[in-house]
Amino acid sequence: MERAPPDGLMNASGALAGEAAAAAGGARTFSAAWTAVLAALMALLIVATVLGNALVMLAFVADSSLRTQNNFFLLNLAISDFLVGVFCIPLYVPYVLTGRWTFGRGLCKLWLVVDYLLCTSSVFNIVLISYDRFLSVTRAVSYRAQQGDTRRAVRKMVLVWVLAFLLYGPAILSWEYLSGGSSIPEGHCYAEFFYNWYFLITASTLEFFTPFLSVTFFNLSIYLNIQRRTRLRLDGGAREAGPDPLPEAQSSPPQPPPGCWGCWPKGQGESMPLHRYGVGEAGPGAEAGEAALGGGSGAAASPTSSSGSSSRGTERPRSLKRGSKPSASSASLEKRMKMVSQSITQRFRLSRDKKVAKSLAIIVSIFGLCWAPYTLLMIIRAACHGHCVPDYWYETSFWLLWANSAVNPVLYPLCHYSFRRAFTKLLCPQKLKVQPHSSLEHCWK
């Protein structure tokens, strides 16, 4: 994030500054009352950011069911937000209250690199989370096949950090050497390229506009996919967004009913031995084998029928034909059961995907609300060299970025049952043991 020289960034607002006045060297002071109020609000934001994201990380330790590929990306986001609360905000509080950076030029460089890195990685993590959920809805089969590949997820997480550093890190560290010297006044801490409009518009395109358009595309694609599947289900279509499993189910041989050992054909044109049903008793699978073979009676004769008399030869086929009706009805029943099972599975997946879309829409909306004001004001401010945007509006805009780090942990339990259960396991373990389902409502009311 671009750090402005905080000359009068609160003093520009009389309502906020009160009796504040700029001191020599760009320093400023607030009235004791306003200093206490601002310090309390900033401390509250720090506590909320640190505790909320620490709870997310502890949830991964306490609940192994959370360690899925998508949730690893949420963990990566929580790590970024946690470090914002631990390192970035605390160092900025005295700077914004006094108007002077008192920690030296070296720590200023480190703070800028880390701050830009963490904020950018948060954005890239949101893109990664959105893309992962896009795949889970639109390419469900291949996505489920990759769920156990944690190394793949770790590689993506590392790539996010590398790209986030490359966007701003080299520029922060080398700009003053490439330009022939530093332009930052003593007692201030902000990036050398703060007023370079061309660099900022390029970086903003990569940091905000492209990610925001990407997550909007993923969210819209998920919505359209769900709408299409909902129409298919309402119209009586029994297919998911993908290959129809019904032809395969119809072409496969029926499976034996539960508790009926050996009474179903092994395959097309193959019957089971009749001696499994007892002497002189025809099993219901024999006629299925005969039907597949063209109705011949010799192969289906009982081993006990060694005389080959004509009476037995004519009676056996009649008994098999009488038994053919239960076999056909059983196959039809099983087909209907499979169709019902597929319909239930489709409804479950559709309901799950709708929840994914809703949670993703919430996260994306919060992301846009927190990042859009800062990005737009930063570009406008750089274009007019800081003279057309009041400092307090710019200051408020990048505090919204840090507020996003505190809000993200709240979005997880609101949008994900698995996180609600993990948080309950940490915060209300006794209620979870007594009432594992209803306790969630008591803990979060």
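Note: Cβ is positioned from N, Cα and C throughout, glycine not excepted.
Per Swiss-Prot, topological domain 'Extracellular' is recorded for 1-40 (among others).
According to Swiss-Prot, the N-linked glycosylation site annotation covers Asn11, on the basis of sequence analysis.
Sequence annotations record features per position, and here Swiss-Prot assigns transmembrane segment to 41-61 (among others). A Cβ distance under 8 Å defines the sequence-distant neighbours of the transmembrane segment (41-61), meaning residues of its chain 6+ beyond its ends; these are 67, 71, 74-75, 78-79, 81-82, 84-86, 89-90, 93, 96, 399, 402-403, 405-406, 408-410, 412, 419, 422-423, 425-426.
Marked as topological domain 'Cytoplasmic' by Swiss-Prot on the basis of sequence analysis: 62-71 (among others). Mean per-residue pLDDT, taken over the topological domain 'Cytoplasmic' (62-71), amounts to 85.
Here Swiss-Prot flags 72-92 (among others) as transmembrane segment.
What Swiss-Prot lists as topological domain 'Extracellular' is 93-109 (among others), and the listing cites sequence analysis.
Under the heading disulfide bond, Swiss-Prot lists Cys108-Cys189, citing sequence analysis as support.
Outside the transmembrane segment (110-130), and at least 6 residues removed from its termini, the chain residues within Cβ reach (under 8 Å) are 1, 3, 70, 73-74, 76-77, 80-81, 83-84, 87-88, 91-92, 103, 156-157, 160-161, 163-165, 167-169, 172-173, 189-191, 207-208, 211, 214-215, 218-219, 360, 363-364, 367, 371, 401, 404-405, 408. What Swiss-Prot lists as transmembrane segment is 110-130 (among others).
Per Swiss-Prot, topological domain 'Cytoplasmic' is recorded for 131-157 (among others).
What Swiss-Prot records for 158-178 (among others) is transmembrane segment.
The feature topological domain 'Extracellular' is assigned by Swiss-Prot to 179-197 (among others).
Positions annotated as transmembrane segment by Swiss-Prot: 198-218 (among others). Sequence-distant contacts of the transmembrane segment (198-218) (same chain, at least 6 residues past either end, Cβ-Cβ under 8 Å): 2, 120, 123-124, 126-127, 130-131, 133-134, 167-168, 171, 360, 364, 367-368, 371-372, 375, 378-379, 382.
Annotated topological domain 'Cytoplasmic' per Swiss-Prot: 219-359 (among others), in sequence order.
Beyond the ends of the transmembrane segment (360-380), by six or more residues, the same chain brings 1-2, 123, 126, 129-130, 133, 197, 200-201, 204, 207-209, 212, 215-216, 218-219, 222, 388-389, 393-394, 396-398, 400-401, 403-404, 407-408, 411, 414-415 to within a C-beta distance below 8 angstroms of the stretch. The transmembrane segment annotation in Swiss-Prot covers 360-380 (among others) and rests on sequence analysis.
Taken from Swiss-Prot, the feature topological domain 'Extracellular' applies to 381-398 (among others), supported by sequence analysis.
Same-chain residues lying 6+ beyond the ends of the transmembrane segment (399-419) with a Cβ under 8 Å from its Cβ atoms: 1, 45, 48-49, 52-53, 55-56, 59, 63, 65-66, 71, 74, 77-78, 80-81, 84-85, 88-89, 119, 122, 355, 358-359, 362-363, 366-367, 369-371, 373-374, 440, 444. Annotation source Swiss-Prot lists transmembrane segment at 399-419 (among others).
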>> Test of understanding: give the count of other CB atoms lying within 10 angstroms of the CB of Cys189 (disulfide bond).
In response: 22
>> Quick test of the contact rule: Cβ under 8 Å, at least six residues beyond the ends. What residues does that give for the topological domain 'Cytoplasmic' (62-71)?
In response: 129, 132-133, 136, 146-147, 149-150, 152-153, 418-419, 421-422, 425-426
> Going along the chain, which residues at least six beyond the ends of the transmembrane segment (158-178) come within the CB cut-off of under 8 Å?
Replying inline: 76, 109, 112-113, 116-118, 120-121, 123-125, 128, 191-193, 199, 203, 206-207
> What is the number of residues in the topological domain 'Extracellular' (93-109) that are helix, strand and coil, as DSSP sees it?
Replying inline: 12 helix, 0 strand, 5 coil
>> Validating a neighbour-count step here. Other CB atoms within 10 A of the CB of Cys108 (disulfide bond): how many?
In response: 20
